[in-house]
């Protein structure tokens, strides 16, 4: 039935009969409650979430999402007083209601009625309509609710439940709401897209942002299936992270269904001027029309090759399709592994090797992260470390060990650079990080999560003596835990059970390499992989770097000029430039010689190379090449290619240059990015001299950037020596 007001629902309320009056449903097999998550305000441990349904209307002109959420639940214990969900101040709840649910989850999908266009400035959220059997009694009643503060990244929503609700009795809670200026929902005006034709919107839920998209159990410990109906402006293509999708032309709505359980942070939506192109038997790319030919040419056939390699290693791909959508430069990270639909930033298209690694990393997440998920954010390495290991097994199978070792050396180099900045006793260098109440879990996303986690997984593989045997273990691990969430002990117990001979040898207690020490010791990895198979690619980098740091400079420069780096791989050149960056500031005569030898050549290479050279220019105050810095910043709208340069410009004598470039380019930047750069520029300025934003820019109604993923690593302030170039975050 439709319901339009609390009064109408109260008149037909079934809650006046005690729910216990009916026969108790058959008890399902007992399930353990989810792990406690300090980042969630919810009462997830008291309920079993079976399914959720979303009715969503996109309103880009108002930068508003109107939603109706139907949660299908069972109480684990009798008579719970209330349901507590994670929410956010950006959400305004209009109503809450209760309805008895059918025995089978998702058995009774509801329709949603959307408000007709009209003069009203604020049309109501969608209304649900449930199919009712003939003669069935009305089944909805209003519920009281309240919203309380929780942390700076969310609120708690408490919904009072009917008394005497039975344990394991299926029921539904229906919430109607609007969301404005939500950190999970990024609205882009047409001019912030490549085609400048239509508005664009995408969501980014990792780690705890989706509580501003819809009220939920916003913890990776809870998974459920979901369905959605989405209404968008005419001509806007809508996509979601779902196994099934259709467009119902006569209704003007998109319908989606995810048949496998996923955590809340993996429910994702994107809408804009997007067109598809098939690139394989189960894959397509979506992109703005002007980008589609490039995306297609770079990935056609490759994704299927990577999926097939992953299946040989870790078992069947579980999600049906593997599609990729390329997002505008405002996307705040490099890539996100949303099931069935990887989000990736379009800026990476010009850097082929980075594109390959980033997409393969997201492919690996289909097994490690999406199918088997870390139960708490304190053990994010269970997803990222395993995905990084699987990514490198896939690249070894498809591109050889030398390339994999080069990429690994490049990343471990960045890990040690980060270690020097943070110090070896930094608590964020632990694999099992203690998340204090109120701390945003996104602050834990750093290179330790990826690379120290990878080193531990690699160490486990070496204990087996054969990577193929470890592949077999990981295949069994995924099969056992697929569509669930795990803690580290689940992985390690499974490992020792799978290899009983290693358990007998007490490999978990080897002096200096104890599993517990791997998890809880600060500092660098206890052991690192043997990368000698990549020496044919890394030795030339070391040799060239040594030449440029040798004396006399004239002889060194002459010898260096005979090495043609134009034929190098991107990761070789990036590794070489990173070494020079680590040594900056360099003697001015060295910088002059470097510029003479490489500046024009590097200027013709991809953005991953150019930004590193331009950081060398800035850190060494090399004015003759500042015009290249200006031109680069004038052409970039991405966080990963702007923030590192602004950080470096503002730590030296070039802040006035940075201010000048920012004033000229700010109109082309997303409000969130403008706000972040303003914060960088304002450091060290006097009171009242914070850089202003042109009229129409980021104001009080803009999304708050502090709720975006913490790309500046933890609580590091802008200007920290930890740079985005060291993170290149693929979630």
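Note that Cβ sites are derived from N, Cα and C of the backbone, with glycine treated the same way.
Whatever TrEMBL says is automated annotation, not expert-curated.
Quick look at what TrEMBL annotates:
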type	residues	note
ACT_SITE	450	active site, proton donor
BINDING	361, 365, 384	Zn(2+) binding site
DOMAIN	536-681	domain 'Peptidase M1 leukotriene A4 hydrolase/aminopeptidase C-terminal'
REGION	684-708	region 'Disordered'
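The local packing around residue 450 (active site, proton donor), expressed as other Cβ atoms within 10 Å of its Cβ over all shown chains, amounts to 27. For residue 365 (Zn(2+) binding site), the number of other Cβ atoms no farther than 10 Å from its own Cβ, over all displayed protein chains, is 28.
Taking all protein chains in view, 25 other C-beta atoms sit within 10 angstroms of the C-beta of residue 361 (Zn(2+) binding site). Sequence-distant contacts of residue 384 (Zn(2+) binding site), defined as residues of its own chain at least six apart whose C-beta falls under 8 angstroms from its C-beta, comprise 369, 445, 449, 450, 453. Note on the domain 'Peptidase M1 leukotriene A4 hydrolase/aminopeptidase C-terminal' (536-681): mean pLDDT across this stretch is 95. Sorting the domain 'Peptidase M1 leukotriene A4 hydrolase/aminopeptidase C-terminal' (536-681) by DSSP state (H, G, I as helix; E, B as strand; all else coil) yields 117 helix, 0 strand, 29 coil.
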